[in-house]
């Protein structure tokens with residue numbers, strides 16, 4: 001794998017809430033990462049303009065808002081996300097088949113085969129474990145529930161999933177290779193696990209078949225964030 005291919009796999013999590021911080025990170029890291037993740041805090045604080053800010057610096061955007069509502073509401077929100085030109089955006093697989101299928105149908109009707117952002121389904125959050133699932137009445141092991149949701153998403157026409165790297169081989173087996181897998185819960189060896197329970201190193205995650213890796217604090221909190229991103233790229237290349 002080349003350095004450019006490895007770099008393209010890295011999604012930097014913009015865990016900030018100010019335009020000035022977004023501009024700083026977009027300027028600093030655009031040469032070193034493949035995409036920027038805009039989550040709920042940043043989008044609520046700054047709105048769609050933050051997407052345009054990143055695009056101005058040549059950056060691609062993963063709009064991580066995890067839509068979960070009635071089918072029509074999610075479909076219309078997803079349509080607006082796609083119209084903004086983001087590369088990836090997502091919804092919750094727990095919203096069910098109808099919600100996901102309606103979203104895909106709406107996007108297909110609008111774009112008519114033209115290139116659009118890929119829609120991903122969130123399976124089980126990486127902060128969750130068996131106890132978390134049991135608390136909401138789900139009595140399946142995490143890996144089994146993840147695969148069940150991933151298969152449902154593929155059946156509905158969704159482009160891929162967001163899932164823990166540990167579940168990547170199971171998802172590949174159930175859904176095939178033409179299905180995107182984005183993995184948070186990725187931490188290089190020099191970083192602490194923070195609040196995510198199911199984690200893996202970047203090299204391990206890519207080796208297991210992940211297409212994109214969401215990485216935030218290990219880059220942002222490093223003394224030299226650009227060098228940290230470069231070190232992660234080197235780790236992926238080395239395998």
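Each residue, glycine too, has its Cβ placed from N, Cα and C.
Note that this is a predicted model, so its numbers are computed, not measured.
Database features, via Swiss-Prot:
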- 66: active site, proton donor (ACT_SITE)
- 15, 37, 64-73, 126, 187, 196, 216-217: substrate binding site (BINDING)
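Feature map: Swiss-Prot annotations on the structure.
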{"residue": "15", "record": "substrate binding site", "DSSP (3 states)": "coil"}
{"residue": "65", "record": "substrate binding site", "DSSP (3 states)": "strand"}
{"residue": "71", "record": "substrate binding site", "DSSP (3 states)": "helix"}
{"residue": "126", "record": "substrate binding site", "DSSP (3 states)": "coil"}
{"residue": "216", "record": "substrate binding site", "DSSP (3 states)": "coil"}
Those residues of the chain, 6+ apart, with a Cβ under 8 Å from that of residue 68 (substrate binding site): 74, 91, 92, 94, 95, 99
The residue listed as 'active site, proton donor' and residue 216 (substrate binding site), distance between Cα atoms, whole Å: 18
CB contacts for the residue listed as 'active site, proton donor' [other CB atoms within 10 A, all chains]: 18
Separation of alpha carbons, the residue listed as 'active site, proton donor' and residue 15 (substrate binding site) (Å): 16
Number of Cβ atoms other than its own within 10 Å, given for residue 126 (substrate binding site): 24
List of residues, in chain order, with Cβ under 8 A from that of residue 65 (substrate binding site) and at least 6 apart: 39, 40, 43, 77, 81, 89, 90
Cβ atoms near residue 216 (substrate binding site) (within 10 Å, other residues, all chains): 20
